[in-house]
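> Straight from Swiss-Prot, here's the annotation block:
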TOPO_DOM  1-5  topological domain 'Extracellular'
CARBOHYD  2  N-linked glycosylation site
DISULFID  5-160  disulfide bond
TRANSMEM  6-42  transmembrane segment
SITE      10  site 'Proton sensing'
SITE      14  site 'Proton sensing'
TOPO_DOM  43-46  topological domain 'Cytoplasmic'
TRANSMEM  47-77  transmembrane segment
TOPO_DOM  78-82  topological domain 'Extracellular'
CARBOHYD  79  N-linked glycosylation site
TRANSMEM  83-118  transmembrane segment
DISULFID  87-170  disulfide bond
TOPO_DOM  119-126  topological domain 'Cytoplasmic'
TRANSMEM  127-153  transmembrane segment
TOPO_DOM  154-174  topological domain 'Extracellular'
REGION    154-174  region 'Extracellular loop 2 (ECL2)'
CARBOHYD  166  N-linked glycosylation site
TRANSMEM  175-212  transmembrane segment
TOPO_DOM  213-216  topological domain 'Cytoplasmic'
TRANSMEM  217-252  transmembrane segment
SITE      243  site 'Proton sensing'
TOPO_DOM  253-264  topological domain 'Extracellular'
TRANSMEM  265-293  transmembrane segment
TOPO_DOM  294-337  topological domain 'Cytoplasmic'
């Protein structure tokens, strides 16, 4: 299938994506490496939450490592200069990150809901073994759902009159192909709408339980409520604009006439590309939310960073502290037992 050239979009991508992606790389790669260390140690302490956090950080890190390729692509005004196989792999990891992230965020929300609302029930759902099984299932299912990108031809050549040259596009072409429309509609429903509703319901129930629990101090209540709001806002801001524009794109381009593209369709595509760039910020938000928002998370992360940079004190006591994890729940919601 051919692609229609949108000259203005190439110019926008040339400046927008490198700026956003460079920021994400600088912040998210060290943050997610630290988060992997912290969550791994938590998982060793029989924490099911550590399993979900580890998977979330791994997904973010894998995507962040592909961003240099996308920076080169957009800096060259949407011209893919690498092999088609790298295009397929980069697109695969990008969408794997989008929808594995929403899945793991949902798992964390459900886990916190069970811990707070039903602290004396459903113990088997809050074991490390169960969390490991769920995480592996998510990785396998997301691999299957996104595998279509590994065998479909993801590169297409378009000619732009303004540039008087050909451009090799990677995956995101205009208009969408039929298989892309069907896949995106499926993703929007199962990978965004269902997780969003689940997170909203779980967080609302947790908020109600915390608010009416007299055994919890006001300071602790405020911290928990702040965390719940942060989780919801981060999910909505990172993923809602993208999926709204993706849904509009699918509707407008479902029966588009290639020879007669409307201005509204092109404007929608421009807005969609902006939301793609903003979605990458979830790689920054995730480690901040789930490792820095609590006192124990910040302390363990800081010790690991000092250890990695060689500035850690050589005393045996501090070394032992680096390799230990507080038994206090990272999310600090277990106070309601």
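Note: Cβ is positioned from N, Cα and C throughout, glycine not excepted.
Note that the structure is predicted; figures quoted are calculated from it, not measured.
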> To the nearest whole angstrom, state the Cα distance for the pair residue 79 (N-linked glycosylation site) and residue 87 (disulfide bond).
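So the Cα of residue 87 (disulfide bond) lies 11 Å away from that of residue 79 (N-linked glycosylation site).
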> Summarise the topological domain 'Cytoplasmic' (119-126) by DSSP state, stating how many residues are helix, strand and coil.
4 helix, 0 strand, 4 coil
> Which one of these stretches, 6-42, 83-118, 127-153, has the most C-beta pairs shorter than 8 Å to the transmembrane segment (175-212)?
83-118
> Using Cα coordinates, what distance in whole Å links residue 170 (disulfide bond) and residue 243 (site 'Proton sensing')?
20
> What's the CA-CA gap between residue 14 (site 'Proton sensing') and residue 87 (disulfide bond) in angstrom, rounded?
18
> Take the C-alpha atoms of residue 87 (disulfide bond) and residue 166 (N-linked glycosylation site) and report the distance between them in angstrom, rounded.
17
> Just how many other Cβ atoms lie inside 10 Å of the Cβ on residue 170 (disulfide bond)?
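Other Cβ atoms found within 10 Å: 23.
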> If you measure residue 243 (site 'Proton sensing') to residue 166 (N-linked glycosylation site) at Cα, how many Å is it?
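Distance between the two Cα atoms comes out at 30 Å.
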> Between residue 166 (N-linked glycosylation site) and residue 10 (site 'Proton sensing'), how many Å separate their Cα atoms?
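About 12 Å separates the two Cα atoms.
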> Secondary structure at residue 87 (disulfide bond) (DSSP, helix/strand/coil)?
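The residue in question, residue 87 (disulfide bond), is helix (DSSP, three-state).
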> Are there residues at least 6 beyond the ends of the topological domain 'Extracellular' (78-82) whose Cβ is under 8 Å from a Cβ of it, and what are they?
9-10, 13, 69, 72, 155, 167-170
